[in-house]
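*Asks:* Handing you a structure now.
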Amino acid sequence: MPNHPPTDGSWRHQLGTPSFPVEPDRYYLYVGLFCPFAQRAIIARELKGLQNLLPMSIVKPYPKDNGGWRFPATDDEYPGSTVDHLFHSQFLHDVYFRSDSEYKGKYSVPVLWDKKTNQIVNNESEDIMRMLNHAFDDYLLEGDERRSLDTYPPELRGIIDEVNSWMMPNLNNGVYKAGFADTQEDYEKNCRIVFETLDRLEKMAAESSTSYVLGTTQPTEIDIKLYTTLVRFDTIYQQHFKLMVRSIRHGYPRLNRWLKNMYWNVPGVKETTNFKHIKENYSKSHGDINPKAITPLGPEPDVEPWTEEPQP
């Protein structure tokens, strides 16, 4: 089966189609704990309880060179990273080339791999997150409440898509637009957009009647996407990307409480968050921003403790 990605370097095949039926012990996930987009897929895997149905290998957070992300030689070399248990690859690009020997795009994570046909199914985080939402439900035990967890429910897809339409470009990607800006003008423009978006989300969190942004009783896709950005904000984005206007913990009380709830109270979220990987990836991979590759200390604690006091 030809498996060349489009010109943007993305594979966008879907599970549950004739080419990629859902089967146990067929699919594999490649991720990096440092990457907010890969963490979306990792959280979806955890929330749905798919650890045994969808095994996973984890690249190291640095160094990144022309070969892309590396796997450790052993699982003990860099705690939290793993060898490539499928192919024992040295680089993530080796996995990409197995799917397409002429591939010339980026070697990004996450990657959903088909062991049966030996090719990439999908390397777009939103697609993978949505597929994992229900693809393996039939393989979960009857009575397992995770079968009914739906992070993209039909009745909320309109509002989820609407929030995604501005949160993704202005915040999830906006932090990078500010951080990698080449001019003062571009930096200031994108920095302002980031904080305007945070202001908007703070208002939504304040208006929510539950612990989740959209007022739901379970986390939705919006909570997952927002979490993977905000858990990195005070930790690395603020100083590394010069987003110094306000911190989450001191400038956004509702979002900070929401973040603490996600981290401490939603099963599987804290377990997928590795601050060493996050901080060392950014500080040691962006030589133009941090040429001495010094990883900053703090903030302490990484996420403030959860308390049951009334909302601010």
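Any Cβ shown, glycine's included, is placed from N, Cα and C.
Found this in TrEMBL, in case it helps:
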type	residues	note
ACT_SITE	CYS35	active site, nucleophile
ACT_SITE	TYR176	active site, proton donor/acceptor
BINDING	TRP69, LYS106, TYR107, SER108, VAL109, GLU124, SER125	glutathione binding site
COMPBIAS	301-312	compositional bias 'Acidic residues'
DOMAIN	153-285	domain 'GST C-terminal'
REGION	286-312	region 'Disordered'
SITE	TYR237	site 'Lowers pKa of active site Cys'
SITE	TYR282	site 'Lowers pKa of active site Cys'
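Describe the structural surroundings of these features, if you would.
*Replies:* Counting every protein chain shown, 23 other Cβ atoms lie within 10 Å of the Cβ of CYS35 (active site, nucleophile).
Under DSSP, TYR176 (active site, proton donor/acceptor) is assigned to a helix (H, G or I) in the three-state scheme. Over all protein chains present, the Cβ of TYR176 (active site, proton donor/acceptor) has 14 other Cβ atoms lying within 10 Å.
LYS106 (glutathione binding site) is surrounded by 12 other CB atoms, counting those within 10 A of its CB over all protein chains shown.
Taking Cβ pairs closer than 8 Å, the region 'Disordered' (286-312) reaches residues 179-180, 231, 234-236, 239-241, 247, 249, 253-254, 256-257, 259-261, 263-265, 275, 279-280 in its own chain, all 6 or more past its ends.
Long-range neighbours of TYR237 (site 'Lowers pKa of active site Cys') (same chain, six or more residues apart, CB within less than 8 Å of its CB): VAL175, GLY179, THR229, LEU243. TYR237 (site 'Lowers pKa of active site Cys') falls within a helix when secondary structure is assigned with DSSP.
All protein chains considered, the CB of TYR282 (site 'Lowers pKa of active site Cys') has 24 other CB atoms within 10 Å.
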*Asks:* Name the one residue among CYS35, TYR176, TYR282 whose Cα is closest in three-dimensional space to that of SER108 (glutathione binding site); these are the recorded positions.
*Replies:* CYS35
*Asks:* Got a sec? Which of these binding-site residues, TRP69, GLU124, has the most Cβ atoms within 10 Å?
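*Replies:* That would be TRP69, with the highest Cβ count within 10 Å.
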*Asks:* Treating G and I as helix alongside H, and B as strand alongside E, what does DSSP give for the domain 'GST C-terminal' (153-285) in helix, strand and coil?
*Replies:* 100 helix, 0 strand, 33 coil
*Asks:* According to DSSP, does SER125 (glutathione binding site) fall in a helix, a strand, or coil?
*Replies:* helix
*Asks:* Measuring Cα to Cα, how far is TYR107 (glutathione binding site) from CYS35 (active site, nucleophile) in Å?
*Replies:* 13
